[in-house]
Amino acid sequence: MRPLFVRRARQLVTLAGSSAAPLVKEKMSDLGIIENGSVWIENGTIVAVGPDDELVRRFADRLAEAEVIDAKGKTVTPGLIDPHTHLVYAGSREHEWTMRLHGATYMEIMNAGGGIHATTKATREASEEALYEESKRRLDQFLLHGVTTVEAKSGYGLSLEHEIKQLEIAKRLHDTHPVDIVSTFLGAHAVPPEWKHDPDEYVRLVIDEMIPEVSRRGLAEFNDVFCERGVFTPDQARRMLEAGKASGLTPKIHADEIEPYGGAELAAEVGAISADHLLRASDEGIRRMADGGVIGVLLPGTAFFLMTKAADARRLIDAGVPVALATDCNPGSSPTVSLPLVMSLACLHMGMTPAEAMAAATINAAHAIGRAHLVGSLEPGKKADLVIFNVPNYMQIMYYYGVNHAETVIKGGKVVVNDGKVYI
């Protein structure tokens, strides 16, 4: 494999020096930008990062053997990282969207046969091959938008058989697609219809059967619970998260999206790596998250699509909570694969600056899925995941919103996207 030399970026956004801990407060604005910067890559790993003239001198005797990509006038960043998606699912729910546009409530949509249970039904009924192909098409779109690592949750199976099916497809995608997938078990996404009259029995099923089997098969690293009134209580969530910890699965939690319900506090209590959504998190919950180093994964695309007020990122950042951004890609509340659009929305609706949004979609996102030692920044020893954006500075990635500026995507030192085409 020839060395790869990415040269002369007008802005090289490195985010170097932040692998040990996520960025917080004013440190989220320190992007480590190198003007006229270059990256030398060997065997899929970053060897050197710095000003172009410095690297040209250092590798002068090897320039002839290297593959060279000239990024003059463009912006190079780490590969973007999406730490909260529901990647593997079947079907579409645009009919619910039109109902919502006409004023239908969540419960009205549920009673009409929609919501999570509609996707659960479609996902259960889909063949493994059909589910793989549909999810692969979505993953291709993530890659085209500059995303090189994705967290993927289960949660549309809601039975042992079908949760395993989702996680096995996520593993197959990880093994066959350039995008790295980090899997999360979300058997506690909702109470399935067959258990609606005995939700505690479903909780027992998750604890006694699903979690041990997922762990035994090595199909997930994380265990997530949707902790909201009418779904799972804090006590039920605590029991499932502690059971996951006992089986080696690190806790995550869908927290305080609809009302202050103690999800942020619970995340700190159980040592969760992240608490996600947080639109209605209490001041005390935010304080405990900051004290415990729990990452707040914010999902502005979801609030945008649901036409509701977004989480207050400024409140979390100023309190010292490390913040990451994610698409929440799912068919009901955030049908998007564009993390750059989410970054724009974070600036427009959450009070974040472009610098903070960039940090939140790279190194802090890597921390939120336990991958900061491998990806999320451009520095020697890390995996060579880079994106070349056809803009002169990183702010324009978000400023020209709704436009895919990702021109070239490099994954593990290989060009996997160029001029709008995926090469696998």
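Every residue gets a Cβ built from N, Cα and C, even glycine.
Per Swiss-Prot, Fe(3+) is bound by His84, His86, His254; the candidate from Asp180, Asp312, Asp318, Asp328 named for the same site is Asp328. For the N-formimidoyl-L-glutamate site that Swiss-Prot gives as Asn330, Gly332, the extra residue drawn from Tyr156, Tyr202 is Tyr156. When the candidates Ser18, Ser19, Ser333, Ser338 are compared with the 4-imidazolone-5-propanoate site entry in Swiss-Prot, which names Arg93, Tyr156, His189, Glu257, the shared residue is Ser333. Long-range Cβ contacts of His189 (4-imidazolone-5-propanoate binding site) within its own chain (separation 6+, distance under 8 Å): Ile116, Lys153, Ser154, Gly155, Tyr156, Leu158, Asp224, Phe226. The two recorded residues, Arg93 (4-imidazolone-5-propanoate binding site) and His84 (Zn(2+) binding site), show a Cα separation of 19 Å. Cα to Cα, Ser333 (4-imidazolone-5-propanoate binding site) and His84 (Zn(2+) binding site) are separated by 13 Å. For the pair formed by Gly332 (N-formimidoyl-L-glutamate binding site) and Glu257 (4-imidazolone-5-propanoate binding site), distance between Cα atoms is given as 15 Å, rounded to the nearest Å. Taking Cβ-Cβ distances under 8 Å and a sequence separation of 6 or more, the neighbours of His86 (Zn(2+) binding site) in its chain are Ala152, Lys153, Gly155, Tyr156, Leu186, Asp328, Cys329, Asn330, Pro331.
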